[in-house]
Amino acid sequence: MSEATTTLDGWYCLHDLRSIDWAAWKTLSSDERGQAVSEFLNVVEKWNDVAAAKKGSHAMYTVVGQKADIMLMILRPTMEELNEIETELNKTTLAEYMVPAYSYVSVVELSNYLPADEDPYQNPQILARLYPELPKANHICFYPMDKRRQGDDNWYMLPMEERKKMMYSHSKIGRQYAGKVRQVISGSVGFDDFEWGVTLFADDILQFKKLIYEMRFDEVSARYGEFGTFFVGNILPDEKVEKFLHI
């Protein structure tokens, strides 16, 4: 039996993607739509207060393509808080004109390869990655993924040292994009349909394509990677929500 990798776990994460029922939204009067937008922004302001207190973080993006219209990424210390946020949002008037498109539940995760005598939760760099302040980058790319476990290509049957070696090589590619792409990895084994969620942030959207394409040639992806649906979008600042929903 292969040895399991020890992971470090941070904030719980919810990716909530919704489509707008524009036809139904149009039936409201201008005043009714305005009230619905104000109510939604009041909820977002609560999230801003939490972020300011460094007790969580969030990101809001519009989605390009027909898969969804809006993507919310929420980070919180407990799964209960994610549930409360989702429920509060569902009770708003705006939610009556939203159609659930996709969701993903996970927890921010790092593999722990530090020496046994070092407490990773005392390392400021690790804490910043486990409890991140999500960047206000122009663009987002999110996708879930698995490690293949079929026949001879079974990631989970490989020895620990071999997995470490391959992941080190894999991570070297990612480090070449430092300053261009910010990455948040979240684990979802037992939480959702895939094993990990990968969220990328960048001001130059082409960096997503370059990074992911280059990684395709690395053995970790080429031989062992299996990927779900990709979602890509543009940042939606609070002050532009009203314009986005304007009819």
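A Cβ is built for glycine as well, from the same backbone N, Cα and C atoms used for every other residue.
As the structure is a computational prediction, the values presented were derived from the model and not from experiment.
Going by Swiss-Prot, these are the annotated features:
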ACT_SITE  TYR143  active site
BINDING   ARG129, TYR143, PRO144, MET145, ASP146, LYS147, HIS170, GLN183, SER221  Fe-coproporphyrin III binding site
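Feature map: Swiss-Prot annotations on the structure.
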residue: ARG129; record: Fe-coproporphyrin III binding site; Cβ within 10 Å: 17
residue: TYR143; record: active site; Cβ within 10 Å: 19
residue: PRO144; record: Fe-coproporphyrin III binding site; Cβ within 10 Å: 23
residue: ASP146; record: Fe-coproporphyrin III binding site; Cβ within 10 Å: 17
residue: HIS170; record: Fe-coproporphyrin III binding site; Cβ within 10 Å: 16
residue: SER221; record: Fe-coproporphyrin III binding site; Cβ within 10 Å: 18
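Comparing HIS170 (Fe-coproporphyrin III binding site) with the residue listed as 'active site', their Cα atoms are 17 Å apart once rounded.
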